[in-house]
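Asker: Here's the feature list from TrEMBL:
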- 23-42: transmembrane segment (TRANSMEM)
- 54-75: transmembrane segment (TRANSMEM)
- 87-105: transmembrane segment (TRANSMEM)
- 111-133: transmembrane segment (TRANSMEM)
- 145-164: transmembrane segment (TRANSMEM)
- 170-191: transmembrane segment (TRANSMEM)
- 239-260: transmembrane segment (TRANSMEM)
- 272-299: transmembrane segment (TRANSMEM)
- 305-324: transmembrane segment (TRANSMEM)
Amino acid sequence: MDAFRKWLGTPRKLSEKIQERKISWLELFTDLAYVVMLHALITNYSEHRETTSIWVFLLFFLLFFYIWSNFVSFFTLHGDHSARTTLLNLTQMVVVLLLTSRLSLVFEGELGQFVGIYIFIQALLIYLWTLVVRADPEHIESSRLYLITCWINLVLLLAVEFVGSESHKLILLAIVVVLQVTVMLVNSHYLTAEMRRRNLPIVESESSQERYGQLIMIVLGEALALITEAIMGPAFMHSLVWFVAFIVNIIGLWWIYYAFMDNISLHVKHDIFIELLHLFNEILTIMLVIDILLMYLFLESHATFYMGLYCFAVAITVAIVFGIKCFATPHRDRHLFHFLGAELVGFFIVASIGSWLPAIIAIWLVNCFLAMIIFNEERYQLEAQRVEQGAKGAEQKRL
């Protein structure tokens, strides 16, 4: 029996932090379920966009994101390579795929099967965090409120199954999402107190930021798939024009994200700053998903209305990336901040008039602004490397 328990494993204690932990192959594999989810969510919403609000689209994306973020937090703080951790993560992947298979029914107003499966994953999350507290009893100080919220969410999900009105069902699901977001911010006070009591550093995990980067790659990968689908018809040359324009656009977004977000780290005195960084990453992911949805709707309809919205959404996305960089590295060169800020203002002006411009001109103007921002950020990084190398050389000569 002891051998079986050892094989099954127990979660790591909060004090057993793995320094410089890298994303495991298990995490990479289970994230593939979200590739399938995102494609199904976008294509199913597109078929029902005339009768379904975009808020419903965002609500169901956030319900999936809630699952993903819970397992990211678990793996970052308590995960290991035990059989139990492996089985829990593989179960998560299977459940996400089952939920994805019900999305076509969701947009037809039939939520019962989706919510029924979601109740199972919610119960699994309660088991997950109860397991953590049993393995690390001291962690109850900052886990109590979170576990209470998980139970409240389970009750709300059960209530959804018994509510007759679709609008009431959606309201209850929205409350589940809001509780999940707010509890992390409120709970930061208790986590900070526990970390101080146990003399543990309050540091943002590099692996956590890598997981957010992996999710962004999934979103951008979906964009490439949708763009490629657009040139599969007979009108190849006409589609090729848009293919090139949007490919350049997606490459620009990718470049900006990794130029600004590379090596983000936080060493802070209060966990609220780490939770805010996670919230900003969540908002960024949501905006990128909206970008991809609007791009797909434009490629489906070629309506200038969608192009205008797309240009504006891309401008907001870049502004969020810029904001995260300012939040994480407030002591950067202020002249660069001012210059990039001026470029963003110009970006928003172009985006604001995108609906009145020919669509092809609007997208290439956006691409030009992306290129300018990339050029200035890359120039700054090269200059910073030159200064750092010069300082090291001077130090070596002095020694």
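Every residue gets a Cβ built from N, Cα and C, even glycine.
On a predicted model such as this, the values are computed, not experimentally measured, just so you know.
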Asker: Going along the chain, which residues at least six beyond the ends of the transmembrane segment (305-324) come within the CB cut-off of under 8 Å?
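Answerer: Contacts of the transmembrane segment (305-324) (Cβ under 8 Å, skipping residues fewer than 6 from its ends): 249, 253, 256-257, 260-261, 264, 277, 280-281, 283-284, 287-288, 290-291, 294-295, 297-298, 340-341, 344, 347-348, 350-352, 354-356, 359, 362-363, 365-366, 370, 373.
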Asker: Please give the sequence-distant neighbours of the transmembrane segment (239-260): residues at least 6 beyond its ends with Cβ less than 8 Å from one of its Cβ atoms.
Answerer: 213, 216, 220, 223-224, 227-228, 230-231, 233, 288, 291, 295, 299, 314, 317-318, 321-322, 324-325, 360, 363-364, 366-367, 370-371, 373-374, 377-378, 381
Asker: Establish whether the number of Cβ pairs under 8 Å between the transmembrane segment (54-75) and the transmembrane segment (145-164) reaches at least three, counting only pairs separated by 6 or more residues.
Answerer: no
Asker: Which sequence positions outside the transmembrane segment (87-105), separated from its termini by at least 6 residues, show Cβ-Cβ distances below 8 Å to it?
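Answerer: Same-chain contacts beyond the flanks: 26-27, 29-30, 32-34, 36-37, 40-41, 44, 60, 64, 67, 71, 74-75, 111, 113-114, 117-118, 120-121, 124, 128.
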Asker: Which range wins on Cβ pairs under 8 Å with the transmembrane segment (170-191): 23-42, 111-133, 145-164, 272-299?
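Answerer: Ranking 23-42, 111-133, 145-164, 272-299 by Cβ pairs under 8 Å to the transmembrane segment (170-191) puts 145-164 first.
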Asker: Examine the transmembrane segment (272-299) against the transmembrane segment (111-133) and state whether at least 3 Cβ pairs sit under 8 A, considering only residue pairs 6 or more apart.
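Answerer: No, these stretches are not in contact.
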Asker: Are there residues at least 6 beyond the ends of the transmembrane segment (23-42) whose Cβ is under 8 Å from a Cβ of it, and what are they?
Answerer: 57, 60-61, 64, 68, 71, 75, 79, 81, 85-86, 89-90, 92-94, 96-97, 99-101, 103-104, 207, 210-211, 214-215, 218-219, 221-222, 225-226, 289, 292-293, 296
